[in-house]
């Protein structure tokens, strides 16, 4: 009888849900030597299995899924998650910025890039010739002051129209006068280095106003403002650095000639 019971139990276990296996009481297993007990357990399991197989609510797919659930021991949350397609193909900040820059109107793009030529040409000329020209550096400071004043006054033109999202309040109109005041102060310095530092501060404040305080500007304009400010700041700092280096070289050469 025991030899016939194992195939019967095996068939019943593979064709019934996992909860029926767990419902077997441990006390029944203690009477394994009793033929009457084993026979009753076998008949009970066989009757339950036949009842499940005849139930119309359980199809073969659900029985198979239950069987896999009973014998599959891996946890669902331990499975590896494949990255989403949108996450793997998400472009970076630089790519989005370059796309926004290409989408800008051509007149605004070309005129803005052309307006950066006087800034970049001054340190480039000084570096190529190896000589510091105070007049050329002062011309750069003057052009920078005019540019900063233009960027400050641009906010008046944005806030004054009736349908503008920016109100002509104290915050918008008064803040637009700060960059021109700093530009005027930069022209009063006798030292070009101090004037360049003052213009760098004014450009940073103007960029903060346009990017943070007025988020209604289009994205292409904000990217254009960031690129233009970066070029202007680097050009002014490059002129100040070249001025210091060339003046030190000139003073060292004079001291050697005197000695």
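Backbone N, Cα and C define each Cβ position, glycine as well.
Listed in TrEMBL:
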- 108-130: transmembrane segment (TRANSMEM)
- 136-158: transmembrane segment (TRANSMEM)
- 193-211: transmembrane segment (TRANSMEM)
- 223-246: transmembrane segment (TRANSMEM)
With CB pairs under 8 Å as the measure, which of the listed stretches 136-158, 193-211, 223-246 comes out on top against the transmembrane segment (108-130)?
223-246
Counting only residues 6 or more past its boundaries, what in the same chain has a CB within less than 8 Å of a CB in the transmembrane segment (193-211)?
141, 144-145, 148, 151-152, 155, 175-176, 178-179, 182-183, 185-187, 217, 221-222, 225-226, 229, 232-233, 236-237, 239-240, 243-244
